[in-house]
Structure formats: C-alpha cells, structure tokens
Amino acid sequence: MLDLSGKHAFVTGIANNRSIAWGIAQQLHQAGAEIGVSYLPDEKGRFEKKVRELTEPLHPTLVLPGDVQDDAQVDALFHSVKEKWGKLDILIHCLAFADKSGLTGNYTDIPKEAFSQAMEISTYSLGRLARGAKPLMTNGGSIITLTYFGGVKVIPNYNLMGVAKAGLEMTVRYLAAELGPQNIRVNGISAGPIRTLASSAVGGILDMIHHVEEVAPLKRTVTQTEVGNTAAFLASDLSSGITGQIIYVDSGYEIMGM
C-alpha cells in the first residue's frame, strides 16, 4: 500500500479547488505526507487567504509566499522549510504562465518580454526550486512537475506555452541526471486537458477536452484525483527506480495516431 507517512511534501501552484496542484496535495495528504504549500502574494492578500482556506482540511504546517520571479522570496521559502522541517522529501512544481499575447495569433508575433516571462515562470523555475530543495533532500527525494502534450506536438492556441513545456521536459532530464547520485528523482506528469485557471487562458480548452473524449482509448479526460494518485506514486518508494521520465496521464490520448 502506498504510504508517505513521515514524509514532508511542499506543493506549489495551488490557485483554487480546480488546480491540479490541489488534487496532488490532497492525494499526498491522504497517503500520510505532511504538507506545505505556497501562494502567489498580492497586495490585498487575496491569494493567501484563498489558499489558506482551501488547504485547511490538509492541516498544512507551512503556508508561504512563493513568487518564483523573486529570488529573495524563494530563498526565504526554503529557509522556512529548513527551520520547520529540517528536511524535504517531496517537491511538487505546478507553475506555469504565459501572457495572452503568447497564446493567440502567430508565434512570430510573440513579444520578447512575454517569451522571457513565460520561460522564467514555467521552465526556469523548476531548476530554481530544485536548487533550493537539493540541500534539504539529505535522504534522497522526489521532484515532480506538470507538463502537457503541447510541449511535444503542436496544439492550437498553445503557442508559447508549448515551447515552455518542451523546455520544462528537457529540464526534467537534465535535473534527473544531475541529482540522481544523491538519490533525488525528477519526473514529469503530462496530464490530459483539465479545466483549470491556467488552462482557461488557452483558447478552445473545451474543444480540446471534447476531442480527447472522442479520440482517447478511455473515451474521457482525466481528473485531478487521477493525476494526484500518479504524483503520490512518483513521490513514494514504489517508484524508486523511475527518474527522468514524463508519465502520461491522459486516458491514452498520447498513443493515438489519428
């Protein structure tokens, strides 16, 4: 039976109850892990309030600001993890953003500023968080990120985010190679389309979901819980020989040719 008792898991990217990160946090908690979460700080504190209220049933022992574009804030986050827990076993990276200018129209029209921002938040941040987690994973650990099929194949309106996800998947492999000698495993989950705050920015998300329901072998899209269960598996010792992989949780859509 999957058991994460005694493990400390830090989850980034929870925005609301439709976030895939929320589904992952729930399954890690159910498996016995102690949970910490981050939120994107804003002037009125709305995101912090929302995340605290949502995650209250999980009894998180850490609720921290986590703007990955702010190096000082990232350093402070891991300092707090060290002070509270002393170690870290599981890091969940569920961070992605692209300005609308990078998700509509022609790829050749994407502004340089939008490209840089998307790559920093969606791709570079995995390595940045891994750098902070590395010295805390003294007994090994598991780092898990979320990706999407649009990083491998062209998906309408995914544009800049597809390029960011392609870079993210390669980051998984390079980090796995670097951190493997410390028994730190790094994997990605490529989930099928789910209606989330992030996916709502991508035009035609409902069409994408309906297409998967028609084409995928299971004739449906996946749920937060199914992605969360896969993350819990990858976080556990049951997956101790798996690293550097992208695991598709998409009802089999990825295997279809037509």
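For all residues, glycine too, the Cβ spot is worked out from N, Cα and C.
Annotation comment: Swiss-Prot describes Gly13, Ser19, Ile20, Asp67, Val68, Leu95, Lys165, Ile194, Arg195, Thr196, Leu197, Ala198 as NAD(+) binding site, evidence class similarity to another entry. Taken from Swiss-Prot, the feature substrate binding site covers Ala98, and the record attributes it to similarity to another entry. Taken from Swiss-Prot, the feature active site, proton acceptor covers Tyr148, Tyr158.
Rounded to the nearest whole angstrom, the C-alpha distance between Val68 (NAD(+) binding site) and Tyr158 (active site, proton acceptor) is 22. Each residue contributes its Cα atom, and for Lys165 (NAD(+) binding site) and the residue listed as 'substrate binding site' these two points are 11 Å apart. Long-range neighbours of Gly13 (NAD(+) binding site) (same chain, six or more residues apart, CB within less than 8 Å of its CB): Ser19, Ile20, Ala21, Ser38, Ile92, His93, Cys94, Leu95, Ala96, Leu146. When secondary structure is read from DSSP and collapsed to three states, Lys165 (NAD(+) binding site) falls in the helix class.
When the alpha carbons of Tyr158 (active site, proton acceptor) and the residue listed as 'substrate binding site' are compared, the span between them is 10 angstrom. Look at the active-site residues Tyr148, Tyr158 and count other Cβ atoms within 10 Å of each Cβ; Tyr158 has the fewest. Within 10 Å of the Cβ of the residue listed as 'substrate binding site' there are 25 other Cβ atoms, across all protein chains. Annotation for the binding-site residues Ile20, Val68: lowest Cβ count within 10 Å of the residue's own Cβ, Val68.
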